[in-house]
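*Asks:* This is the structure, below, for whatever I ask next.
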Amino acid sequence: MATTACTPPMKPTSNGVFQGENPLDYALPLAILQICLVVVLTRVLAFLLRPLRQPRVIAEVIGGILLGPSALGRNKAFLNAVFPKHSLTVLDTLANIGLLFFLFLVGLELDINSLRRTGKRALAIAIAGISLPFVVGIGTSVVLSNTIAKDVREAPFLVFMGVALSITALPVLARILAELKLLTTDIGRMAMSAAAVNDVAAWILLALAIALSGSGSPLVSLWVLLSGGGFIVFAALFLRPMLAWIARHSPEGEPVKEVYICATLSTVLAAGFVTDTIGIHALFGAFVVGIVVPKEGPFARVLIEKVEDLISGLFLPLYFVSSGLKTNVATISGGISWALLGLVIFNACLGKIGGTIIASLTMKVPFREAVTLGFLMNTKGLVELIVLNVGKDRKVLNDETFAIMVLMALFTTFITTPIVMGIYKPARQAAPYKHRKIERRDTVSELRVLACFHGSRNIPTLINLIESSRGTRRRGVTVYTMHLMELSERSSAIFMVHKARRNGLPFWNNKNDAAGSDLGGDQIIVAFQAYQQLSHVTVRPMTAISDLLTIHEDVVTSAQQKRVALIILPFHKTQRLDGSMESIGHQYQQANQRVLLHAPCSVAILIDRGLGGFAQVSSSEVSYSIVVLFFGGSDDREAVAYGLRMAEHPGIAVTVLRFVSQPGGPSFVAGDGKVGIRMDADQRANDENCISRLRERMSANAGALVKLEEKVVGGREEIVSVIKEAGRCNLFLVGQRPPVMPLMARVECPELGPVGSYLGASNSSTASVLVIKQHDPFSATEPLVEEVDEDYVVPDTPMAGGSSPHRP
């Protein structure tokens, strides 16, 4: 009797190469190598695909295919060394644990309450976007079952094909919409609402498909479905109240107890065990627990922050490798197979895009928006791969059908972003307005400021600067504060995207919505609300969630629509404890430069060195010394105008240092216009008028703490010496383009200009610096926002709880 030798199970760890052992023969070092290889490959591919604006899931799917038998896996030595068959059980287990918790995160992102508010149009689009692709999928399955899938069970195959073609990937769609600035448009809201309905329906259909794919009788499938329904009822009646109790006992501003986190994550695993025991896959249990977790308050956000990086960064990519190892593109051989691939892609697009377009046109959606919705709803992602892998594991899909369906999902998702960018560009519209700079004849009018910041460390200086700017005029200052947040692939970013959609951001935080505080951090909102209550300044917090390459569009659009006169941007460098300046990223610098290029008003860049210390100073305790450096030109006049407004505050002393060339001596002025503004007769006349008004102001208000000092200088060294003498002040106000020679041999930050670059260098001063560029109405830059009559402005952002736009 013949005996078969069994491969012994892998031991977890080796004794090391010095003991003559190969670490790749042991489970732990091999798993570490697999994880590292997958992470490096997928991140490199994501970087290469970034210019094409592709979501990271595309890179992960391609990475999995490349590591499988379609590419690198064709080398048997590589495949047997890095992905040997006896290691796949460990690999698949780790991948499914990662997938389990990722589906829990997906459930956390899905707000069931929002489904109840789904409008008729979105509901009709969702129904058509599910039913027609499902029917087309059934028709496609008939063709496949008569050609390359003759041996599969017919009923499960029909359902799996229908589900595979009708899915829309909600997380991927949210990422694409946010990146393309479509999130808060009508088309974005419809797409997200329809995709949420589609997501829930897809999971129900997948549960049906899994139940039907069992090898037992129809009665067994019925028991599986009934048991699954019973689990959902149990989760709604028992798990939800328990998790709601935990959420209520996790108040904002206090750390969530470790026992609550542990209990919730253990519940996820237990729910996965129950649904796996029932026979509808462990993923369903985790997804359902994520859905029933309350979305209000900090608890859901903290759960995401605890889980996302480890799961999404390390374990989830293993699932794409596990899928890629099952995908062999070489099985698609011959004209018939490639023709079937084309047929599947065509039918997938026909069903999803066609169904969505028909439903949209029926609901009176314009044709271009209807086509855009169709391509957006055709986005596939991880859930598609889950469906295909479950079908492959249950012998419903063979190797060739599986490879065809994976390539279909990859193709339909890949084309979404470029096609949508090509056919649809949302109109950015705003009414024209008058006051676009600080220097103005109407000195009693309201000053509107858009103050941007990266994080909580910028808040004290920003509030102290706002307090210094409020003046004593009747209308005072209205400040729109904008938290600039980078859109990433992390689940917390997508969670914020969903909150943003509900609150109509990137414009308004809905202060009546408790969940709105989760966006920018409740501490930030509370800080501005507290300051507003203690002062006469109107402060309205906002949040912009965007890719750093396009975040300037949010800033410029908000400035135009809120009719602000000054945008304050944070410098891309922060001060360290030793006084040196450390960059937080070149992309932040480029974002500032793009705002300067496209801004509809004056712009200032704030170099934060702790104005008033690193804490908010009350109005009665403000005591600042502010120095304005005046060389000439429109930017320096804007700095003087801002300084004079600050001088209205009783606790602020302003000194204007006017630099004058030595008579008959060398001039500091860069007369060629390459460094600063070209100084013609009009510019010089305007400078003299500015100084004359300053002197009139000083004589009319003898008690005002405003001084004018003229400094006769002949060159760079004397200018630097004067600036150093004034360095004990709290804040420098300087123009961005003064007509002066560079004060440094090498200018690293051209957006600061020749003087601002010197003041922004490490250890040049202990004072904060505000570098101001006055709005130039004759700038040749193409505007990002179209100016139209106010009656024709299309509202892009609804009011909280309403449908009409907010008029500032």
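For all residues, glycine too, the Cβ spot is worked out from N, Cα and C.
The domain 'Cation/H+ exchanger transmembrane' annotation in TrEMBL covers 43-420. Feature annotation from TrEMBL assigns domain 'Cation/H(+) antiporter central' to 474-619. According to TrEMBL, the domain 'Cation/H(+) antiporter C-terminal' annotation covers 623-775. What TrEMBL records for 26-45, 57-73, 93-110, 122-145, 157-178, 190-214, 220-239, 260-293, 329-350, 402-424 is transmembrane segment.
Each of the listed features needs to be described in terms of its position in the shown structure.
*Replies:* Mean pLDDT across the domain 'Cation/H(+) antiporter C-terminal' (623-775) comes to 81 in this model.
Sequence-distant contacts of the transmembrane segment (157-178) (same chain, six or more residues past either end, CB-CB distance under 8 Å): 55, 57, 106, 109-110, 129-131, 133-138, 140-142, 144-145, 149, 188, 191-192, 194-196, 198-199, 201-202, 205-206, 208-209, 212-213, 347-348, 351-352, 376-384, 387-388, 390-391, 396-397, 405, 409, 413, 416-417, 420, 487, 489, 491, 494, 497-498, 500-501, 545-546.
Non-local neighbours of the transmembrane segment (220-239) in the same chain are 207-208, 210-212, 214, 267, 271, 274-275, 278-280, 284-285, 288-289, 291-292; each lies 6+ residues outside the stretch with a CB under 8 Å from one of its CB atoms.
Note on the transmembrane segment (329-350): residues 65, 69-70, 74, 133, 136-137, 139-140, 143-144, 147-148, 165, 378, 399-400, 403-405, 407-408, 411-412 of its chain, located 6 or more positions outside it, place their CB under 8 angstroms from a CB of the stretch.
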*Asks:* Counting Cβ pairs under 8 Å that sit 6 or more residues apart, are there three or more between the transmembrane segment (260-293) and the transmembrane segment (122-145)?
*Replies:* no
*Asks:* Near the transmembrane segment (26-45), which residues from the same chain, at least 6 beyond its ends, have a CB less than 8 A from one of its CBs?
*Replies:* 10-14, 56, 59-60, 62-64, 66-67, 82-84, 87, 90-91, 94, 313-315, 317-318, 320-321
*Asks:* Of the listed stretches (93-110, 122-145, 402-424), which one yields the highest count of Cβ-Cβ distances below 8 Å with the transmembrane segment (57-73)?
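*Replies:* Per the Cβ count, the answer is 402-424.
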*Asks:* Short question: which residues 6 or more past the ends of the transmembrane segment (93-110) have a Cβ under 8 Å from it?
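*Replies:* For the transmembrane segment (93-110), the list is 31, 35, 170-171, 174, 196, 199-200, 265, 268-269, 272, 282-283, 286-293, 295, 300, 303-304, 307-308, 311-312, 314-316, 318-319, 321-322, 382, 386, 491, 494-495, 498.
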